[in-house]
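These features come from TrEMBL:
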BINDING   17-24, 81-85, 135-138  GTP binding site
DOMAIN    8-286  domain 'Tr-type G'
Amino acid sequence: MQSSNDIAATRDIGIMAHIDAGKTTTTERVLFYTGISHKMGEVHDGNTVMDFMEQEQERGITITSAATTCFWRGHRINLIDTPGHVDFTIEVERSLRVLDGAVAVFDAVAGVQPQTETVWRQAERYRVPRIAFVNKMDRVGATLDRTVEMMKSVLHAHPMVVQIPNGLESAFTGVVDLLMMEEIRWTDDTGTQLTRQPVTEDHEMYTEAVLAREALVESVAEVDDETMTVFLETGAAGVPLDLLKAGLRRATIANKGVAVLCGTALKNKGIQPLLDAVIDYLPSPLDMPPVVARRKADDGEVQRHASLEEPLLALAFKVVHDPHRGPLVFLRVYSGVLKVKDAIQNVTRDRKERVNKLLQVHANKMQEIDEVSAGNIAAAVGLRFTTTGDTVVLATDREQVILPGLEIPEPVIFRAIEVKSTADQAALTEALERMQREDPSFTVRVDPDSGQTLMAGQGELHLEIIVDRIAREARVPTNVGKPQVAYRETVASRLNHPIEYDREIGGKRQYARIVLEVVPRERGAGNSFVNLIPEPVRERGQKLEPPKLLPDMIAAVREGAMDALTRGPLLGYPVVDVEVRLADGGYVEGDSTAVSFRAAATMGLMEAFEKAGPRLLEPVMKVEVEVPEDFTGNVVNDLVGQRRGRVQGMEPLRGLQVIDAEVPLAEMVGYATALRSATQGRASYTMHFSHYAEVPSDRQAEIVTRARGY
Ligand SMILES: Nc1nc2c(ncn2[C@@H]2O[C@H](COP(=O)(O)OP(=O)(O)OP(=O)(O)O)[C@@H](O)[C@H]2O)c(=O)[nH]1
């Protein structure tokens, strides 16, 4: 049974980095020194623990990447994977939502690289406390100062340098720990043996270390009042170790400063102090503000603390497919306790489920556990419906609450996919189903007319990555169509349309007469159907008039109308924001059935849409570009001049401009590349669906002509 001591001794963290800065090597070393992995490999040998896992098919490739648990100094560290791609808000959100802190890995030669900036800003947006590990101190050209300076100038961070390197490049032997004023030297190849030696006056680094320690105390004092008070009284030298450490921790957790460490993961130097810093400075779940959830019953808010006494509240943040165990649902528990065999309520989907097993994932093994409690992370086996972003509580809880969901945006782009050989069809279907469960922003449907399988997602790159995963993981060769924008159709004007349907089918007359009215509605209002035919009323002393249409005929008209709305007249996209009114109708006893009314409505409406000025609607994206000042003009001109964008606002943020714009998705094709080359890779952007808007008429004509092929 866990106690709150255990919560205090937990760290839920991510390791984030620019590609190639050494994230994999650092992670692998962390797992080695924490004693989970006893075999050390290097990336270039292709046998790191992570790579090793890849070969171990039975455990599934991606399991380690969701969350891995290791232990250090009596603390549990849950390493949560942070995505390499920052393009999909949902991917980023789901990992940043569940971690409390992060280690940012830098390359000591390259310093702050463009992608580091992007990742850093994401973390900033979610206020994730960070410590920095300046890696690759052994490389030619490595310095600590460059990265520290760039952290200030480019990232506008407040570095608190807690170590300085002893030697650089191939002469790098270790670091001086400025808190302890100790030289740490690694003395064997595996980096398991290290010596600590006090840096006293006779030490060659003494003067440098004293100055660096003073600078450290000042940098902490600048952002921490308690340290400042003592510093002003006693000077830097008088600030005691425990106070300085506490100040560093407070500053980190408050997101006011970033402790900076250095080393070389590849040469096995610097990892143990990094683990110490994770424990010492990054927050435990108890340090985090309570999560705010919404009561389902009345929309009120409740706060849940990282406490075992409070009711269970957990977030499913990733679903990973395990070939033997089925889907593993990774849960972060915010409050309370979840036990094996507990019946849970998936509040998001309103479904009850049972947890068959709980697993703690380590780098190279999975351990069954009996329970998972507040602040911790585990994978649940046996859940059939729960997917990424869902809130889970105990089925026995009276109060159902829901965490602010990962907003699932409307799919705006789609692509056809087909197998090269029909023998692979089942495998493709299965792979697509799995992807949908893992990633709720990805959907698949079969087009009823063409029979094509259509994948829909958030952007070009999103679908590209999925296609790539299908090729790698499902090993199914496929053909994919070009990405297509998901348009909608609507009508521009109001129209009254009488329809008389009179056919002979199988020697029997089918008759229906209706008058439909098509009325455009406000953008985003959706479709509606209204029956305006008045009920017959009985006049005094007269017989009740027969109704103009019988109830089953009216229902059939509604069905037929809904049918017609699924395919617009221009290009067959769904019709939206239209009200269909049934204004009048008539039938002939014996010759009219529901079937004839349904057909009349569908056919009649299709004609009506053609006549009522059909319009194409396109998805418009909310685009947020973060760009250094010098490039702002170019970026805005491009958005407005070239991409039909509308700038909604601009705001300075940490030395950058944040441009808020609305841009039609069709104009965002290839934007990542264009932005990179226009800004030397220094800008970043996120986009998500905002609304549908009318395509300008000249473009509409162009699109329709092109799509119809004439
Ligand atoms: N010289 C030197 N090379 C290192 C160090 N750490 C990692 N590398 C090398 O840098 C390259 C990238 O390291 P990875 O650990 O794969 O980096 P990553 O950030 O995970 O990169 P991706 O897997 O591409 O995202 C590899 O060739 C490593 O061997 C280091 O401390 N010093």
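Positions of Cβ are set from backbone N, Cα and C atoms, glycine also.
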Q: With H, G and I counted as helix, E and B as strand and the rest as coil, say where DSSP puts ALA17 (GTP binding site).
A: strand
**Q.** Listed binding-site residues (ASP20, LYS23, MET137), ranked by Cβ neighbours within 10 Å, top entry
**A.** MET137
Q) Using DSSP and three states only, what is LYS23 (GTP binding site)? A) helix
Q.
To see if you understand the setup: which same-chain residues, six or more apart in sequence, place their Cβ under 8 Å from that of ALA17 (GTP binding site)?
A. LYS23, THR26, ALA104, VAL105, PHE106, THR116, VAL119
Q. When DSSP states are folded down to helix, strand and coil, where does THR82 (GTP binding site) land?
A. coil
Q) Mean pLDDT, the domain 'Tr-type G' (8-286)? A) 85
Q) In DSSP terms, helix, strand or coil for MET137 (GTP binding site)? A) coil
(Q) Out of the binding-site residues I have (ALA17, ASP20, THR82, MET137), which ones have their Cβ sitting under 6 Å from ligand 1? (A) ALA17, ASP20
